[in-house]
Amino acid sequence: MGQYTVSTRKNVRILLVGDAGVGKTSLILSLVSEEYPEEVPPRAEEITIPANVTPEQVPTSIVDFSSVEQTEETLGLEINKAHVVCIVYSVDDDDSLDRITSHWLPLIRSKCNATLEGDAETEAETEAAGEGLRKPIVLVGNKIDLIDYSTMDSVLAIMEDFPEIESCVECSAKTLHNISEMFYYAQKAVLHPTSPLYIMEDQELTPACKKSLVRIFKICDTDGDNLLNDYELNLFQRRCFNTPLQPQILDEVKAVIQKNVPDGIYNDAVTLKGFLFLHCLFIQRGRNETTWAVLRRFGYNDQLEMCQEYLRPPLKIPPGSSTELSHRGQKFLISVFERYDRDCDGALSPEEHKMLFSVCPSSPWSYSTDIRKSCPINDKGWVTLHGWLCRWTLMTLIDVVKTMEYLAYLGFNVHENDSLLAAIHVTRERRIDLAKRQSSRSVYKCHVIGPNGSGKTGLCRGFLVDEMQKLIGKEFKTNVVHCINSVQVYGQEKHLILRDIDVRHALDPLQPQEVNCDVACLVYDSSNPRSFEYVARIYIKYYAESKIPVMIVGTKCDMDERRQDYLMQPAEFCAKYKLLPPHLFSLRTNKKELYTKLATMAAFPHLRHFGLLTEDSKLLWKAGLGLAAATMLGFIVLKTLSAAGSHSR
C-alpha cells in the first residue's frame with residue numbers, strides 16, 4: 001500500500017467577469033485557439049480544458065459572463081458555482097481599474113455572503129463564514145500591448161485591502177502574452193490558495209499555518225533535539241516530494257536561512273525558526289504549491305484541518321473479529337516512546353508524556369486518572385514502555401478509530417510511508433476460532449462481574465502490580481473501567497484486558513456490551529454469606545447457555561470462609577454446570593496464576609465446559625502444541641486450568 005496524501009480538487013471552475021469591452025471573451029478564445037480572434041461574440045460558450053493539457057493535471061472549466069446577454073441573478077449563480085473569479089480590467093482604461101474596488105469586489109462579496117447567510121443561523125456565524133470562505137480572486141489586466149507602463153502598483157494597493165485576491169497578472173489577448181499564465185494563476189488560486197497560509201498585510205504566516213508547520217517540524221525531528229539535521233531533512237524531502245535533497249541544494253537552503261534568520265541554523269541543522277522562515281519565503285516567492293504539498297502530505301485539507309479520510313480510513317471489521325496493533329504499529333509506537341523518553345529511564349514522566357502529545361489536539365487519555373491506573377507503571381508512578389504499549393493495545397481493541405486518529409497525529413503515515421491501515425491487524429472471526437478450537441488472537445477481554453464490595457476492583461488492580469500486598473487496605477477512589485497487562489500462555493505473550501463491570505444494584509440487568517467478552521470472571525466475597533447468590537444468578541441468566549468461558553472467583557480467601565446462603569455451595573454449583581472449581585483469590589497471599597488461567601481460557605474458547613476436559617485431552621494436547629511449538633511438551637492447557645483446586649485452596 002502506497003503513501004497517503006490528502007487529494008486536491010478533482011476539477012476547477014473559473015469565472016471571468018469585468019466591464020464590457022475589457023476583453024474577457026477574447027482572452028478565452030485566444031487561449032483555446034492560440035491566436036487572436038478577428039470576430040468576437042458577445043460571450044464565449046463554457047469550455048473545459050482536459051487535465052492532460054493543464055499544468056496542475058486537473059480538468060478546468062472556463063466560464064464567460066456578459067452583462068448584455070445575462071442577468072445579475074445569473075451572475076450570482078455563476079459566482080457561487082465558480083471556484084475562482086477572474087476580474088478582468090483594461091490596463092488602458094482607468095475607469096475599469098477603479099470599478100474593481102467600487103463595483104466588482106463588493107458585488108462578489110455580497111453574492112458569496114448571501115449564500116452563507118442562508119446556511120448560518122446567527123449573525124456571528126454569518127460574519128465568521130464570510131471572513132473564512134471568501135471566493136478566491138485573480139486580477140487580470142488585459143491589453144498590455146497598448147501601453148508601455150505597468151498598472152501593478154495600483155493593483156498591489158488593492159490586494160492589501162482585499163485579502164481574497166490571490167494574485168494579479170498583466171496580459172494581452174492580441175499578442176497572447178501571459179495568456180496561459182493567467183489561467184495557471186487562476187488554477188493555482190484554487191488548488192494552492194495563499195490566504196489560508198499567509199497574511200499579506202502582516203507579511204507573515206497565518207496562525208493556523210504556523211501551528212500546522214510546527215507540528216510537522218516536531219514529527220520530522222526524529223531524534224527529538226529540536227533541530228532538523230541533514231538526515232531528517234532528506235527524509236522529509238523524500239516523504240513529501242519522493243526525491244532526495246541534493247547536498248549542494250541543501251547547502252544553498254541553509255545559506256539562505258542563515259542570511260535572513262540569525263538563529264535559523266544551529267550546529268549545521270535547521271531550527272524551527274528557520275523551518276518557518278523557509279515556508280514563508282516559498283509563499284512570498286509564489287511557490288505556494290511547495291508548502292501545500294508538505295501540508296497535504298501530513299494530512300491537512302484546504303482549511304488547514306486534518307482531513308477525516310487521512311485520520312480515519314475505512315476499515316472493514318467482520319462481525320466477531322477484533323482489532324489489534326500490527327507489528328509495524330507497535331514498532332512505530334516504540335520509536336515514538338524512545339524519542340520522548342529524554343532521560344532514557346524507560347518510562348515517560350508527566351512532562352515527557354505531555355510533550356509527546358503536543359503534536360495532537362489533546363492527549364487521548366488522562367495521565368493521572370487513566371494511563372497510570374490502567375496499565376503497568378514504575379516505582380515513580382510513570383508509564384513504562386510496556387505500559388505504554390498496553391494502553392495503546394487497549395485503545396485499539398475498544399476504539400480502533402481513535403487509535404488510527406492519534407497514530408496519524410503522531411506521524412505514522414509519514415514515517416512508515418503507508419496508510420494507517422498498516423498499523424492495524426483485524427483478527428479472524430470468533431466463530432472460526434471456535435471451529436478450529438484455537439484462537440490466534442493476542443488480545444482478550446475479560447469482564448469482571450460481581451456485587452459491590454466483592455473485591456473485583458482490587459482483583460483488577462492487582463493485575464498491574466508486581467506486589468499485590470501494596471493494594472491491601474487501599475481505597476480505589478478513581479473508577480478505572482479497564483486494566484491491561486500481558487501474561488504468558490504457552491510461551492506466547494497475550495494481552496488480557498480486565499473490564500470492571502460496575503453493578504449498582506443486584507437486580508439491575510446487564511447490557512449486552514457488559515455480557516459479551518472473551519472470558520467472564522464472576523467474583524464473590526468468600527467471607528460474605530450473601531455474596532455468591534448474585535454471581536450464581538448472573539451465571540444462570542447470562543452465561544449458562546452462552547459459548548463464553550466462565551471462571552468463578554472467591555475473593556478475600558485470607559479471611560474466614562463463610563457458608564453461602566444459596567441453594568448450592570460454590571463448589572457444588574461449579575460441578576453442576578461443569579465449570580472449574582472456584583478459584584480462591586487474595587491480594588495478601590495469592591500469586592498471579594488467576595490471570596494466566598483467564599487468558600488461557602480465552603485462548604481456547606471451545607473448552608467452555610471444563611468438566612469435559614478428560615474427553616478432550618488429546619485435542620487439548622494438540623491445541624497446546626499448536627499455540628506455541630517451542631513450549632515444553634508437558635505444558636498443556638489441562639495442567640494450567642485443572643490445577644485450580646490445588647492452587648486455590
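Numbering starts at 1 and runs along the chain as it is shown here.
Every residue, even glycine, has its Cβ placed from backbone N, Cα and C.
Between the listed ranges 392-412, 623-643, Swiss-Prot ties the annotation transmembrane segment to 623-643.
According to Swiss-Prot, D341, D343, D345 bind Ca(2+) 2; the candidate from E324, E352 that the record adds to this site is E352. Computed over the domain 'EF-hand 1' (208-243), the whole-number mean pLDDT of the model equals 95.
The Cα atom of V68 (GTP 1 binding site) lies nearest to that of E232, taking the binding-site residues D225, E232, D345, E352 as the candidates. Distant neighbours of the domain 'EF-hand 1' (208-243): 3, 196-198, 250, 266-272, 275-276, 279, 291, 293-295, 297-298, 300, 304, 335, 339-340, 342, 358-359, 410-411, 414-415, 417; these residues of the same chain sit at least 6 beyond its ends, with a Cβ under 8 Å from one of its Cβ atoms. Cα-Cα distance from D223 (Ca(2+) 1 binding site) to D341 (Ca(2+) 2 binding site): 11 Å (rounded to the nearest whole number). Those residues of the chain, other than D341, D343, D345, E352, with a C-beta within 8 angstroms of the mean position of the Ca(2+) 2 site C-beta atoms are Y340, R342, C344, G346, A347, L348, S349. Among the binding-site residues listed here, namely E232, D341, E352, E352 has its C-alpha nearest to that of G453 (GTP 2 binding site).
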